[in-house]
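As given in Swiss-Prot:
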type: ACT_SITE; residues: C181; note: active site, thioimide intermediate
type: ACT_SITE; residues: D188; note: active site, proton donor
type: BINDING; residues: V80, E81, S82, H220, E221; note: substrate binding site
type: BINDING; residues: S82, K83, R249, G250; note: NADPH binding site
Amino acid sequence: MNPEHSPLGKATVYASQYDASLLFPIPRAGAREQIGITSALPFFGTDIWNAYELSWLNARGKPQVAVATFYVPAESPNIVESKSFKLYLGSFAQSKFDSVDAVRDVLKRDVSAACGASVSVQLVSPHDFGKLEMDELDGLSLDRLDLDADVYEPDPSLLSAAEDEAPVEETLVSDLLKSNCPVTGQPDWGSVQIHYVGPQIDHAGLLRYIISFRNHTGFHEQCVERIFLDILHRCKPVKLAVYARYTRRGGLDINPFRTNYNQPMPDNARTARQ
């Protein structure tokens, strides 16, 4: 489905009852073709969605609330457009469910169907809200660099690495990632973590490259995949992982993770800006 046909940027009618048809899938293939991915994926990973505005009624009509986390595999053929996800979750508000498990099962079934792959779902109930963590992405901050920047569309030529020197292992972070919704033009603010093993990447060039997304239009997942591929092609690391955490909109935050080597799932602790 085309993003222009999604609920984004259109007048909204909020459903009063649960409605799975509100979910609007968008194929990943189109955006991947634009960055040269036409066959096997050069990465694997997950999109971590956190939903903070989920509520439903129990069997006796009493409202219940939870924080939901969805783990969408990067190999799924579709993503779900975020406003449609918000409207879908909102449709639970006046619908009765017998248990938390019943809600989880419905969420897993519907979102998996929309994405075209098995999606894991976790629900955190209010008595466990205090266990939810807040933390910043770990790594050496690129934002410490005092530099000039004047490129605000993605430019891979800003990236370079010392290929004639000994390889290094580094984790680098920046809070200066900003892109824009391809439908509404609204800004998407994010933090990004880049872990790699290979020729040392020029830090100033990498920061300028991250800044260059400032006027770019693309969904969160697409931006992270572009960053991953550009670093992979320009800097030639042996191992590479890119993880971004975007600020919340409509009660949802989206946190794409891409890697080309086996490692544990990244921490889902929300950052201060989320």
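Including glycine, each Cβ sits where the backbone N, Cα and C put it.
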> Of V80, C181, the recorded positions given in the record, which has the fewest other CB atoms within 10 A of its CB?
Replying inline: C181
> G250 (NADPH binding site) has how many other Cβ neighbours within 10 Å of its own Cβ?
Replying inline: 15
>> Tell me the Cα distance separating D188 (active site, proton donor) from H220 (substrate binding site), rounded to the nearest angstrom.
In response: 8
>> Using only C-alpha positions, which one of K83, D188, R249, G250 is spatially nearest E221 (substrate binding site)? These are the recorded positions in the record.
In response: D188
>> If you compare CA-to-CA distances from G250 (NADPH binding site) to each of the recorded positions V80, E81, S82, C181, D188, which comes out shortest?
In response: S82
> Relative to the mean position of the Cβ atoms of V80, E81, S82, H220, E221, the recorded substrate site, which additional same-chain residues have Cβ within 8 Å?
Replying inline: I26, D47, I79, F85, F219, I254
> Counting other Cβ atoms within 10 Å of each Cβ, which of the binding-site residues H220, R249 scores lowest?
Replying inline: R249
>> Around R249 (NADPH binding site), which of the listed recorded positions (V80, E81, S82, C181) come within 10 Å, judging by Cα atoms?
In response: S82
>> I'd like the number of other C-beta atoms within 10 A of the C-beta of K83 (NADPH binding site), please.
In response: 22
> How many neighbouring Cβ atoms, not counting its own, are there within 10 Å of the Cβ of S82 (substrate binding site)?
Replying inline: 26
> Under a criterion of Cβ-Cβ distance under 8 Å and sequence separation of at least 6, what residues of the same chain contact D188 (active site, proton donor)?
Replying inline: K178, S179, N180, C181, H220, C223, Y246, T247, R249
